Amino acid sequence: MRIEEDIKLGFKDVLIRPKRSILKSRSQVDLTRLFIFKHAQNKWSGIPLIAANMDTVGTFKMAIALSSFGILTAIHKYYSYLDWKKFIHTIPGTVVKHIMVSTGMLDEDFVKLKQILSLSSKLKYICIDVANGYSEKFVTFLKKVRECYCDKIICAGNVVTGEMVEELILSGADIVKVGIGPGSVCTTRAKTAIGYPQLSAVIECSDAAHGLGGQIISDGGCVVSGDIAKAFGGGADFVMLGGMLAGHKECEGLIFKENKKRYMIFYGMSSKFAMDRHIGGVARYKTPEGKTVKVLFRGAVSETINNILGGLRSTCTYVGAFTLKELTKRTTFIKVSEQENIIFNNQEVSN
């Protein structure tokens, strides 16, 4: 047993200090990024946000909506091959290039992955997604996928420490997904005591990844657009969103009415609800590590995205960053004991 004495930080523990700026308008800020990936050597340009590969968020409809903004969607792994075939043959290539194909690490997952990727050469992203990216089995599977697809951009995770980020990049990952337990419907930290405050994880993991020419995704923990700005300020190359995109018409959660209001079911992918739906229940040796909640139905996702992008542009303006890439260099975090004045938070007038 050992104890690390330094305090690790989450998004709620900091604010970004404003700095002098010569920007005259938020409209001058460019949020697009251009990446050339370490192993695949492919280029990608767009706004580096990603809809999470949760079955209510990472949907085909979400991919179509977000592609118009130049934003990625990690399509969840529960669509069938026939679902994929129908989808790929009915959408333009501009949508396909903003899609990640998600997979687990079972043998049948690999077979299905190969079938899906055979549908279009424009499918460039693979997202190998497991809850615990620290297992040797996961690293072995990553190497197997890289050997088979030398030209694909591979994202792998989840981990939260620099040494494992390095291991995954050296084993074939172009991008490493960072985050254990920060998600809005994740209970891993409560159930297992395992985790790492997200901002510190991003800062440490981005340092490790960038030293090897890789990138990271900050996955989880964002509640407002300011949290996304903090993730980018801390060194994240991409930010993945689940709860912030839940409840929209492009999602596939169950919709119901309660007290004359419309709600949508949203749940973690390790929740009992998800396991009952996809694998026939919770195995006797497991415990659910996610919760099921109701969120207000919010209509089209486009308005939410515009609000997020507006917040990011404003952050950049406050610190004098003309581009999103500059934000990390312009960021100085200050540790705080408060974030905002919440006195009227429950008394807002609906538009």
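Just so you know, glycine gets a Cβ as well, placed from its N, Cα and C.
Feature list (source: Swiss-Prot):
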| type | residues | note |
| --- | --- | --- |
| ACT_SITE | CYS186 | active site, thioimidate intermediate |
| BINDING | 108-131, 216-239 | NADP(+) binding site |
| BINDING | GLY181, GLY183 | K(+) binding site |
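Sequence features, as recorded in Swiss-Prot, placed on the structure.
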residue: GLU108; record: NADP(+) binding site; Cβ within 10 Å: 9
residue: LYS114; record: NADP(+) binding site; Cβ within 10 Å: 13
residue: SER120; record: NADP(+) binding site; Cβ within 10 Å: 17
residue: ILE126; record: NADP(+) binding site; Cβ within 10 Å: 27
residue: GLY181; record: K(+) binding site; Cβ within 10 Å: 24
residue: GLY183; record: K(+) binding site; Cβ within 10 Å: 26
residue: CYS186; record: active site, thioimidate intermediate; Cβ within 10 Å: 25
residue: CYS222; record: NADP(+) binding site; Cβ within 10 Å: 26
residue: ILE228; record: NADP(+) binding site; Cβ within 10 Å: 24
residue: GLY234; record: NADP(+) binding site; Cβ within 10 Å: 27
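When Cα-Cα distances from CYS186 (active site, thioimidate intermediate) are compared across the binding-site residues LYS114, ILE216, ILE228, the shortest belongs to ILE228. A gap of 18 Å separates the Cα atoms of GLY234 (NADP(+) binding site) and GLY181 (K(+) binding site). Listed in sequence order, VAL165, ILE175, VAL176, LYS177, VAL178, VAL202, CYS205, SER206, ALA209, GLY235, ALA236, ASP237, PHE238 are the same-chain residues six or more apart from ILE216 (NADP(+) binding site) with CB atoms under 8 A from its CB.
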